[in-house]
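Peer 1: From TrEMBL, for reference:
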- GLY112, LEU136, GLY137, ASP138, TYR139, VAL140, LEU141: S-adenosyl-L-methionine binding site (BINDING)
- 1-227: domain 'tRNA methyltransferase TRMD/TRM10-type' (DOMAIN)
Amino acid sequence: MRIDVITIFPEFFDVLEVSLLGKARGNGLLDVRVHNLRDFTTDRHRTVDDTPYGGGAGMVMKPEPWGLALDAIAQEATSEPTFVFPSPAGERFVQATAREWSGLDHLVFGCGRYEGIDERVFTYAASLGQVRLASLGDYVLNGGEVAAMAMIEAVGRLVPGVVGNPESLVEESHEDGLLEYPSYTKPSEWRGLAVPDVLLSGHHGRVAEWRRDQQVERTRERRPDLLVD
Ligand SMILES: Nc1cc(-c2cccs2)n[nH]1
């Protein structure tokens, strides 16, 4: 999978060099390219924003640099990209979204700052590929970079071969619509706290039943919204 990121803070994504995704980049599973939006400006001050038409506080990101950045990426794309713009006004990004996107060939993340990006950028992007405005949750960040990083990690780890043991991707929170069960490891007793006996029983059927019960109980307690049909 190829992933492009357009941002005015390219160094923010240096962290993708390390960790799991760094290894996936090294072995060619993920091709991540970060672009500085200011490299697509044409004025001496490398201006990326201006005051909003219609008035109001804050600044809006100018369309021209975005247009040049999107064109540069689209021109060298080998398949139709999906453009993702993190936004508090976007569709909810959930595990199903991550799974859907992990099957795509080319994702381009456009990270907005300030009060947002000129709306015509999204219209123009739609002439180059699929466009998705995606929200991490109902809260406002200062920019799209944190959201893009989270989405890149959630999607990247699902790309076949990125995670060593694909089995570990199955029993995760939200994969089966429920929160994951509690986990324990040695020692069997720690600071007076014991591991549930069933997990020491060696009875796989009972362990599976206990884990499922824990998932349902935790989901009912913490995320009843996930249980409605
Ligand atoms: N979920 C979410 C996304 C965002 C932003 C994206 C770009 C600027 S602010 N805030 N909250």
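Even glycines carry a Cβ here, placed using N, Cα and C.
Mind running through what each feature is packed against?
Peer 2: According to DSSP, ASP138 (S-adenosyl-L-methionine binding site) is assigned to coil rather than to any helix or strand.
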Peer 1: Among all the protein chains here, how many other CB atoms are within 10 A of the CB of ASP138 (S-adenosyl-L-methionine binding site)?
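Peer 2: ASP138 (S-adenosyl-L-methionine binding site): 7 neighbouring Cβ atoms within 10 Å.
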Peer 1: Any idea which of the binding-site residues GLY112, GLY137 has the thinnest Cβ neighbourhood at 10 Å?
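Peer 2: With the binding-site residues GLY112, GLY137, fewest surrounding Cβ atoms within 10 Å: GLY137.
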Peer 1: Report the mean pLDDT of the predicted model across the domain 'tRNA methyltransferase TRMD/TRM10-type' (1-227), rounded to a whole number.
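Peer 2: Here the predicted model's pLDDT, averaged over the domain 'tRNA methyltransferase TRMD/TRM10-type' (1-227), is 95.
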Peer 1: What is the number of other Cβ atoms found within 10 Å of the Cβ of LEU136 (S-adenosyl-L-methionine binding site)?
Peer 2: 20
Peer 1: Write out the long-range same-chain contacts of VAL140 (S-adenosyl-L-methionine binding site), meaning residues 6 or more apart in sequence whose Cβ is under 8 Å from its Cβ.
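Peer 2: Expected: PRO88.
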